[in-house]
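Annotation comment: TrEMBL describes 38, 66, 67, 68, 69 as substrate binding site.
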């Protein structure tokens, strides 16, 4: 939750370093992190291993915080499940007293995602103003982004329908957040924005919480700068081959 702002454990630091090594060849343009300490430390560890953007500023955003669990924060998961059972409900839909509902978490995710889309549109407009639209059509090798997980998913999912967006991007954004929050964000992508999913993804995988430092990769295409109809492709979900 949000109320217990503990640092990473020794295992957490090892996982963050492993994620950093895994993503060391990915050239990020922006990094956003939850402002909770464990996420801040994870983001710093990932950038510390990166070959291209060690000095990139990490921007902290309260909209990326974990779901607020109210009276259940700081207590074992078994306590939360017992509270849900006593209320005749199931986890994770149960909301403890003082906690956030799933709809409230999803609203935070929607607000942050729309902020990212606006950021990408502004970057594209600046690029066109400086260099002209034609310069975006020929991507030099140094403009391309190297993703390490194409061996773990269908490469066609990375490139199909994105008109080369996987290689030449206006923004390549790293977001470091938390398990329950990200599950709600992905649910928003799928149910509200019709995100295209990998063909081998099962329903249970879609609803599961990411392992610590699990990596999910989405390609977002905004046709003609249309914020209302983003075309979203999930390349991989909760990738943990680095652990």
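Heads up, the Cβ atoms here are built off N, Cα and C, so glycines get one too.
Note: TrEMBL annotation is automatic and uncurated.
The substrate site in the record is lined by 38, 66, 67, 68, 69, and its two most distant CA atoms lie 17 Å apart.
Within 10 Å of the C-beta of residue 66 (substrate binding site) we count 22 further C-beta atoms, all protein chains included.
Packing around residue 69 (substrate binding site) is summarised by its Cβ count: 23 other Cβ atoms lie within 10 angstroms of its Cβ, all protein chains included. Neighbour list (residue 68 (substrate binding site), Cβ cut-off 8 Å, at least 6 residues apart, same chain): 1, 2, 3, 98, 99, 100. The Cβ of residue 38 (substrate binding site) lies under 8 Å from the Cβ of 5, 6, 7, 8, 12, each of these being in the same chain and 6 or more residues away along the sequence.
Note: the substrate site is recorded as 38, 66, 67, 68, 69; in the same chain, 1, 2, 3, 36, 65, 73, 178, 180, 181 also have Cβ atoms within 8 Å of that site's Cβ centroid.
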